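This report refers to the structure that appears directly beneath it.
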């Protein structure tokens, strides 16, 4: 076993968690500068293992915590991991960790992460070979110097610690304490014995007079017994007579109470009926108010529908007249349009003919004019150009321009032709689209009418269902009121039951229910929920006749909780306490109840109570535990006999009990407060309430829910229909808008057609003129340049002038005729388009908007709805009349019940008066019985006070009369007065003191034996202590000589035990704490040597090996003293070896040669034990197996594994690694 690893955090200079690399199992050396934390590392190990840090005050614990920059450390720990492969520690693990944690208010040990006590840790270390008597497996700084300069007595003390004499001294202290205590007891016993001897002598003289006194006293007690016994028998006879009378009176009282209870039951039943009827009246009145409100609402709806129907009828009538007028106007418009179109048809051919002539004349006029212009231009070019070539050049240029202009004109003409053709095509397409839209419009109108009809059908159905739902709501309200009344009745019964039960028990039941609800909400402990079965009272039934006896027998056990097992009850109680709930609970765990079969007596006068209970067989143990040992008997006499004969509890039906132990209990029991009766009423009310709720849920609420669903479906249908209606109406509006747009486009196209045609004619005329000019220029090209026209050209110009004048005159005539005809056409077309056709469109639109069919549908739906609302009004009024009749009948029933209530009240009062009278008589008998019982008790008390009597006292004076008995008693009392001075207790005192004397003598002998045993034990302890010191001295002395010779070759050293001079051993010396030997001591023990003769352990050494040069410690130098002290430490460790050693700078005062010797010694010892040392010298490094360096930076220590070379650097120049 050895230290494998050390982990430090927050301890002294080690702030951060420092995990030291695993140590070697042999020699480990730690090096570092002064103040770097080497000693703190040793302190950390000592902090866990040593007794030195066992009892720390808070300020001492705080002093061990790291103090430096940064946040303050609030706790620290040191953990040592041991290699336990040799199983030296009694733990079956190869590695064992031991951690100590401290803080300002805590100091804890953890063994393998489990908390343990300080004693556990110390015992564990001792079992591994760490001796409390030898603390030298850890040698701190200065310990060597301290030992080197210690006196001889200090070394003797050290030797005694190594020898383990502390245990002997502790045992000796205990023995001395026991001896003191024993001596005190012996002295007290001697004093008591002396007093008892004196008292016995006095009592011996008083015994003779006491004998005479006892003779007369015995006679007196016999006479008094006979007198008291006769009085007791007379009193008993009177009590029996009184009991018979009371029983007769009690039977009468029971009959009266039963009659009174019947009257009260009847009254309660009548009260219940009255409450139910009043609740029914309240419900009917509330329903009537609802019906009245509904009727008012229905009348409002009916009025609205009537007005709506009238408006629709008026509207339909007005629409019909307007439609006729519009149709008539439409017909007139069509006739006028036809007339105007006919007029237009007659005018247009004339207009077209004139226009065509005019266009030809204009074209010819333009052509002639152009030709004439060309001829005049030809004449002018003679003076314009100087040569033929110049003219030809200009003509060619003009021809080129004319060609381009002619091409442009042709393109324009072609474009207008194309535009006119497109206009015609669009006109046809527009007409087709218009006809298609007109067809679609008719289909949409039909679909809208169909949706309107369907909407009103669904709406009527929805209104019918709403009426049915209103009726069901009224029914539900009535049922709810009945339910509330039933719930109130249940709460009253539960309150009565709670009043008859203790608060603690009730709180317990409520708390258990809360625990189970908590389990159910969390979905946990299902087996606990299934394993809980409620209280005893809820798990059985019996006939009402047995309620009293059953309830008296069970008592509060009626409220015990039945569970399957103790595990279930434990789980419930754990949660019960966790939730800190109030109350008192008692469980009956079926798995723990030990119930045996009972042999019941076979008799007609009694039956087992359990046979009259009905319960689930699985709870048999629980009910046998509560009721299994009880019989129901016919009378108290039978109960008394059976209880004595069969050792069973017996009870009558009235609740009078006879315990098998002999106790009798009973009396009047108020059955009105029977908890079983109340529980039965509660259960019945709960069942009725459950039935009402089930009826409400199964019938009404289900139907209401069904109707609600149907209404929701119908509302959805109505919404869907409304959506479709909006969709189709939007489609209709869209079609109408599109038709209007198409018509406007067609009219616009017709308006632009004629201007385009005129533009085409103008372009064609212009084209002819251009082509004529081109032909003229081409003809002129190449001809001679002339200043005058040729004869032929001059003739042509004259002809053209004549033709132009004629054409201008004709064109003026044609223009006037065309303008006249065009005015007629324009006027007719304007009248057609702007007046007749526009008005026709308006008429058509008004006709479409009338929607005669749609208005009829709305009227039909409104009429149907009006019929339905009339029916509902009629039904509501009929139901209201029925309710009035029912209320009258119910109020009459309440009056009859109240009359009956008065009769039963009077009857109950009569019974009450009779009971009160009987109670007074019973009280008188009770008072007399009390007096007799008191007299009986007095007689019995006086008989008991007489004490034990001889047998003859019971028979000797039985024949004498009371007068004779009193005469004899007077004689006895006279004789007894003569002995009034006699000590009546003399004999008893004599016997008592004699017994005390014997006990004290025995106790004295026991104390003497104990005293002797303690003396013997002390002698044995003293001898063993002496032997242990002697043996330890021999071993340490031998080891010391051997070790010194190894450390100082050729040297010699011995230990010398120093004794007192002229000390003589004269037995056991008891000087500790002032104790001396007692009178009965064991005498002198000259054979037992005392360790007190030893005064110290001296050391004699010679570094040369010569006998004559042996010197004491005081004569040695400092280094020699340190070496001798080290030798002594090694010797002690050899005597009492530990698994590992920690040496802190033990070579500080040694020279190089001796340091080398110490290093060799450690190497030799490291074969069997682990060494962890610190040093500033290189010699110890040579024997080391592993090296560690400690650094101190920022006030924090760090320890790491280093190489041998680095360790030597530390030793040679520690500033390099500071």
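Don't overthink the numbers, they just go from 1 along the chain as shown.
Each Cβ is built from the backbone N, Cα and C atoms, and glycine gets one as well.
Per Swiss-Prot, these features apply:
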- 32, 33, 34, 35, 36, 37, 38, 39: ATP binding site (BINDING)
- 179-350: coiled coil (COILED)
- 393-503: coiled coil (COILED)
- 669-916: coiled coil (COILED)
- 958-989: coiled coil (COILED)
- 1067-1080: compositional bias 'Basic and acidic residues' (COMPBIAS)
- 530-642: domain 'SMC hinge' (DOMAIN)
- 105: N6-acetyllysine (MOD_RES)
- 106: N6-acetyllysine (MOD_RES)
- 140: N6-acetyllysine (MOD_RES)
- 783: phosphothreonine (MOD_RES)
- 787: phosphoserine (MOD_RES)
- 886: phosphoserine (MOD_RES)
- 1013: phosphoserine (MOD_RES)
- 1191: N6-acetyllysine (MOD_RES)
- 242-268: region 'Disordered' (REGION)
- 1067-1089: region 'Disordered' (REGION)
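Location within the structure of each feature annotated in Swiss-Prot.
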| residue | record | DSSP (3 states) |
| --- | --- | --- |
| 32 | ATP binding site | strand |
| 38 | ATP binding site | helix |
| 105 | N6-acetyllysine | coil |
| 140 | N6-acetyllysine | coil |
| 886 | phosphoserine | helix |
| 1013 | phosphoserine | helix |
| 1191 | N6-acetyllysine | strand |
Request  = Measuring CA to CA, name the entry from the modified residues 783, 886, 1013 that ends up nearest residue 36 (ATP binding site).
outcome  = 1013
Note = One should report the C-alpha separation between residue 38 (ATP binding site) and residue 1013 (phosphoserine), rounded to whole angstrom, as 54
Request  = Only counting partners 6 or more residues apart, tell me which same-chain residues put their Cβ under 8 Å from the Cβ of residue 886 (phosphoserine).
outcome  = 284
Query = Compared by Cα position, which of the modified residues 105, 140, 1013 is the closest one to residue 39 (ATP binding site)?
reply = 140
Inquiry  = Can you give me the residues near the recorded ATP site, meaning same chain, not 32, 33, 34, 35, 36, 37, 38, 39 themselves, Cβ no more than 8 Å from the center of the site's Cβ atoms?
reply    = 40, 1190, 1192, 1197
Ask   = Since the record lists 34, 36, 39, 783, 1013 as recorded positions, which of them has the fewest other Cβ atoms within 10 Å of its Cβ?
value = 34
Note = Taking DSSP helix as H, G and I and strand as E and B, the domain 'SMC hinge' (530-642) has 57 helix, 21 strand, 35 coil
Query = Highest CB neighbour count within 10 A among the recorded positions 33, 106?
reply = 33
Message = Distance check, please: Cα of residue 105 (N6-acetyllysine) against Cα of residue 34 (ATP binding site), rounded to an integer number of angstrom.
response = 32
Query = Looking at the modified residues 106, 140, 783, 1013, 1191, whose Cα is closest in space to that of residue 35 (ATP binding site)?
reply = 1191
Request  = Round to a whole number and give the Cα-to-Cα distance in Å for the pair residue 1191 (N6-acetyllysine) and residue 32 (ATP binding site).
outcome  = 6
Message = For the coiled coil (393-503), report the average pLDDT of the model, please.
response = 81
Residue, out of the recorded positions 38, 140, 1191, whose Cβ gathers the largest set of other Cβ atoms within 10 Å = 38
Inquiry  = Spatially, which candidate from the modified residues 106, 140, 783 is nearest to residue 34 (ATP binding site), comparing Cα atoms?
reply    = 140
Remark   = Whole-Å Cα distance, residue 1013 (phosphoserine) to residue 32 (ATP binding site), is 60
Ask   = Roughly how many Å separate the Cα of residue 33 (ATP binding site) from that of residue 140 (N6-acetyllysine), to the nearest whole number?
value = 17
Ask   = Taking Cα atoms as reference points, which of the recorded positions 32, 37, 106, 783 is nearest to residue 140 (N6-acetyllysine)?
value = 37
